[in-house]
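Peer 1: Questions regarding the structure given below will be posed in turn.
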Amino acid sequence: MEMHYNLLLHSEVISMAGRAQPAVKRPHAASGRKMKSLQRGETIAGILFVSPMLLGVSVLVLLPIVATLVLGFADWNFVQGWDGIRFVGLENFRNLMEDSMFIRSLRNNLIFLLTVPAYMLISMVLAILIDRYVYMKGYFKVAYFMPYISNIVAVAVVWQVLFQPSYGPINELLKTIGFANPPKWIADPNYALISIMMITVWISIGFNMIIYIAGLQSIPKDLYEAADIDGANGWVKFRRITFPLLSPTSFFLMVTGIISTFKVFDIIAVLTQGGPIGSTTMMVWYLYDTAFVNLKVGYASSIATVLFGLVMLITFIQWIAQKKWVNY
């Protein structure tokens, strides 16, 4: 009897253990469902946080780009309203190829590209001098950076006074050292673009110099110590160490600098308005003048489309070419 009771008790324990086994898995299943629920909640929260930015980018960036591309194939004076839109195919782009002012603005932009290597070279030299040989580095950084963060209208007014043909400080200095007929600078079609380029170089030096100093400080000092042990002079260290290791910084500044040259507008608007005789007309200024002065929105959109394609092409070529000279 007792043996029979023990057998029954043993079988009951086994049965209870068998029934209890699925209960062990339930916490894992519940935990998995809870984890999926948390992940789903985090995904929804992330979308909600990002959605205002996506909406802003879509409305303020993507939609205008698409509208510009479409209007580039249309003839439209926006004063006439939406009913005035008339699609003309490639006529706007054919007219651009025969537009002397557009060709001149494109040529001016290509000449303006020379400012990029100019201020990059000056900035690199200043960065090396300040980083290695100058005390009170913070003072010089702020002094050179001030033009970049200053109000462009104030900067333009200062340079307008400096370039004043009759009594400007620059021409007075040139007369003092023997130039009887100094240039009229922004009032002279032959010197106006050069004047704008000089101002742009002066403004851009500070930003590029700060970036170059940051790049210099990221170069390991051990490399220079090893070069000193090998007897390398300053030029060899610059050519073999500094310049190659600064190439990613130079590439970044070159790409952003070239893009910025195709966006130059403010200094033109304040100082010359594209004159004299179109000598400082850039593509962006010609686009603005066509759209908001002459009210040819379709034609201006075709200019914007060409400008967009040109910038994308130049940037693509830079990304391809950087594999040969940029050392990461």
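Placement of Cβ uses the backbone N, Cα and C atoms for every residue, glycine included.
Got these off TrEMBL a minute ago, pasting:
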{"type": "DOMAIN", "residues": "105-318", "note": "domain 'ABC transmembrane type-1'"}
{"type": "TRANSMEM", "residues": "43-74", "note": "transmembrane segment"}
{"type": "TRANSMEM", "residues": "110-130", "note": "transmembrane segment"}
{"type": "TRANSMEM", "residues": "142-162", "note": "transmembrane segment"}
{"type": "TRANSMEM", "residues": "191-214", "note": "transmembrane segment"}
{"type": "TRANSMEM", "residues": "243-262", "note": "transmembrane segment"}
{"type": "TRANSMEM", "residues": "268-288", "note": "transmembrane segment"}
{"type": "TRANSMEM", "residues": "300-321", "note": "transmembrane segment"}
Peer 1: So, taking each listed stretch (43-74, 142-162, 191-214, 268-288, 300-321) in turn and counting its Cβ pairs to the transmembrane segment (110-130) that are under 8 angstroms, which one gives the highest count?
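Peer 2: Most contacts with the transmembrane segment (110-130): 191-214.
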Peer 1: Between the stretches 43-74, 142-162, 191-214, which wins on the count of C-beta pairs under 8 angstroms to the transmembrane segment (300-321)?
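Peer 2: Between the stretches 43-74, 142-162, 191-214, 43-74 has the largest tally.
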Peer 1: Which one of these stretches, 191-214, 243-262, 268-288, has the most C-beta pairs shorter than 8 Å to the transmembrane segment (142-162)?
Peer 2: 191-214
